[in-house]
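The region 'NAD(P)H-hydrate epimerase' annotation in Swiss-Prot covers 1-208. Annotated domain 'YjeF N-terminal' per Swiss-Prot: 9-208, in sequence order. Marked as region 'NADPHX 1' by Swiss-Prot: 57-61, 122-128. For Asp151, the entry in Swiss-Prot reads (6S)-NADPHX 1 binding site. The annotation domain 'YjeF C-terminal' is assigned in Swiss-Prot to 214-496. Residues or ranges marked as region 'ADP-dependent (S)-NAD(P)H-hydrate dehydratase' by Swiss-Prot on the basis of similarity to another entry: 216-499. What Swiss-Prot lists as (6S)-NADPHX 2 binding site is Gly318, Asp438. Feature annotation from Swiss-Prot assigns region 'NADPHX 2' to 371-377; the stated evidence is similarity to another entry. Taken from Swiss-Prot, the feature ADP binding site applies to 408-412, 428-437, supported by similarity to another entry.
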Amino acid sequence: MKILKAHEMSSIDNKTIEEIGIPSLVLMENASKGVFENIRKYFPDAKNILVVAGKGNNGGDGLALARHLYLNGFSVDIFLAFGEVKGDAKTQLEILKKIGIEPLKKKPDFKEYDLIVDAIFGTGFQPPVKGEVANLIKEINNSSVPIVSIDIPSGLSADTGESFEPSVKADLTVTFQFPKICHYLYPAAKKCGKVEVVDISIPEFLAKDVKRDLLRKSDLKPYKREPDTYKTKEGSVLLVGGSVGKTGAVIMSAKAASRAGAGLVTVGIPRELNPIFESLLIEEMSLPLSGTSRLSVFCVEEILELKDRFHALGIGMGMDRYEEGQDIVISLLEKWEKPILIDADGINNLADYGDYTPLKDREIPAVLTPHIGEFSRLTGYDTKTITYNQIDIAQEFSEKNRCYLVLKGARTVISTPDGRAYLFADGTPALAKGGTGDVLAGILTALIAKMDTEEALKLGVYLHGLAGKVAEKKLHTESVKATDVTESLPEAFREIYVN
């Protein structure tokens, strides 16, 4: 499912009307019917409803909705936020008057209603809200009455995750044909409540050039083992990292890689820390490399000498941030000619190095898996700007540096060297625990060892999020640990592969 910006939705609306030939009033009718059905679904006990309408098409949707409500036995009042309407909204108001519904002459007591419908501003609005309408929105929010927003909560921008003030805080948002960025990116998404997407007969192919997609289970291409397979055919991965105080990170990655289907998992760690790993790893093997409390740059040649044993390399988990670490990461970017994933301190060391030419010049694009703080170091953008615009900034970085990116957070963005982006919006706050990123790094390294990279990232991110939800259901949001996510991977696989 495509995720659109305001100008893209406007263009598609116009093409639907002018080129396809579906009249705007038909689209409005379909939209209002969709909102009506969702009100009946989510608010079955609401009988006394107020529609607050703006003067444009969003207001027109609200006025058409008022007609459907009235004709189906609801008690409906309409209040015009600007005291006037235009275009198709004016047509809808004239219809209402002919069936006996007149707009209220003064602002009502919002608390008297069972439900308020926000139809003030649509996707074309640019914040902030000013004047009397700003006060109106504040009063609606303060009423404690459930709110349904049409298309987007009034006061938000469709194109960003920023939560502008004032803006309506909806319990349900019903949008049309395609979701918008504000429906998913935080903190704006918290203003949207539950989001429902209604088909209003706009042809889907009109959005074919949009490079933003919502990642859903139906988009996945699960890997299937051949009946005559063997362990090395299922991917031999090398995970490099670990330092004093952070040995657990790469261990968690290794165990996750095994659970994610890697045929063989080897952990490359500083030689003096090997006894720790030998005591904690059973199914996975350890590879002692040059280094005492952390890896030495001499480990690069040791890794490259063994490159034929491995199909993919993951580096950075618990690695530490230091000058020699920069040399390790850059050298492997330049010399490792197979799939490579860079996580955690591997990313920090790359950011500290500051020159991403080795990233751009790779024949096989690298995979970077930063959280927003690490991505801030890579890009120079502050974390707030990234949070509000993470899809755009991820796409920009991947295209510019010819790499894959998995930008981790409450919403996870996968971006590709050709500028595509996939948004995973079905995770859980239970994953906000140390180590879950290391688990994801292990899952993804296992999958890129034997799958097309783009498909591997989509599958891995979805698996990780689903495993988090499985663990949360078995335990509790507060009690989930990173290792619980790993142990929940079998159930996540079953849900994707069987169901």
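Counting begins at 1 with the first residue displayed.
Every residue, even glycine, has its Cβ placed from backbone N, Cα and C.
All features noted in Swiss-Prot, drawn onto the structure.
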residue : record                     : Cβ neighbours (10 Å)
Asp151  : (6S)-NADPHX 1 binding site : 26
Gly318  : (6S)-NADPHX 2 binding site : 25
Lys408  : ADP binding site           : 24
Ala410  : ADP binding site           : 19
Thr412  : ADP binding site           : 26
Pro429  : ADP binding site           : 12
Leu431  : ADP binding site           : 26
Lys433  : ADP binding site           : 18
Gly435  : ADP binding site           : 22
Asp438  : (6S)-NADPHX 2 binding site : 30
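For Gly318 ((6S)-NADPHX 2 binding site), the nearest of the binding-site residues Lys408, Ala410, Lys433, Gly437 in terms of C-alpha separation is Gly437. The region 'NADPHX 1' (122-128): residue composition by secondary structure is 0 helix, 0 strand, 7 coil, according to DSSP. Close to Gly437 (ADP binding site) in the fold, though at least 6 residues off in sequence, lie Asp343, Ala344, Thr369, His371, Lys408, each with a CB less than 8 Å from its CB.
Helix first, then strand, then coil: DSSP counts for the region 'NADPHX 2' (371-377) stand at 6 helix, 1 strand, 0 coil.
When pLDDT values are averaged over the domain 'YjeF N-terminal' (9-208), the model yields 98. Rounded to a whole value, the Cα-Cα separation of Leu431 (ADP binding site) and the residue listed as '(6S)-NADPHX 1 binding site' is 30 Å.
Per-class residue totals from DSSP over the region 'NADPHX 1' (57-61), listed helix then strand then coil: 5 helix, 0 strand, 0 coil. Here the C-alpha separation of Ala410 (ADP binding site) and Asp438 ((6S)-NADPHX 2 binding site) works out to 16 Å. DSSP gives Leu431 (ADP binding site) a helix state. Across the structure, Lys433 (ADP binding site) and Asp151 ((6S)-NADPHX 1 binding site) are spaced 34 Å apart at their Cα atoms.
The two recorded residues, Pro429 (ADP binding site) and Asp438 ((6S)-NADPHX 2 binding site), show a Cα separation of 16 Å. Rounded to a whole number, the distance between the Cα atoms of Asp151 ((6S)-NADPHX 1 binding site) and Gly435 (ADP binding site) is 37 Å.
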